[in-house]
């Protein structure tokens, strides 16, 4: 999934009626409807995640998909393409934070199906306003400034929708970096449970 780590991805060998078959670990887990969102959110990674979500929907539109997130965030447009696909497809998308879900990663974690958003005990979550920079003529800078304010408003409304927090609180909290522990994110409404053991979740 991440080019720089391709040589480090372990292979799994399975015995089939036709002999042995080797999978990389991510492809094997995809058979179990597990999708990994790891590292910075950018266009290539987002396209891979979207493609996997659409594939799993076509395989079985009535069975949950499990999205595991360990991400520092990244591109808003790339992240929103994943978010929109999660809302668009028929299967529920269960989200689970392992490590961190920061910025756009936190938005995607919160965007999972209600009652099916989880994190592990030592997860770290971060919400904040979108970052951006632009150089050019004053008029163009003004155009981009207005656009990033619209993006901030859109993201705040998404967080308010999924957390149940008032939009005013979301606006206040995202004005600066707002870190949360697993238990704090549960109280905030970003997740529905903090998991400690495998028995608490099916996958």
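One-based numbering along the chain as shown.
Cβ from N, Cα, C; glycine included.
Small disclaimer: the values here were computed from a predicted structure and weren't measured.
Just so you know, the Cβ of residue 103 (active site, nucleophile) picks up 27 other Cβ atoms within 10 Å once every protein chain is counted. Annotated active site, nucleophile per Swiss-Prot: 103, in sequence order.
Feature annotation from Swiss-Prot assigns active site to 128. DSSP assigns residue 128 (active site) to coil in the three-state reduction, placing it in neither a helix nor a strand.
Rounded to a whole value, the Cα-Cα separation of residue 128 (active site) and residue 103 (active site, nucleophile) is 6 Å. According to DSSP, residue 103 (active site, nucleophile) sits in a coil region rather than a helix or strand.
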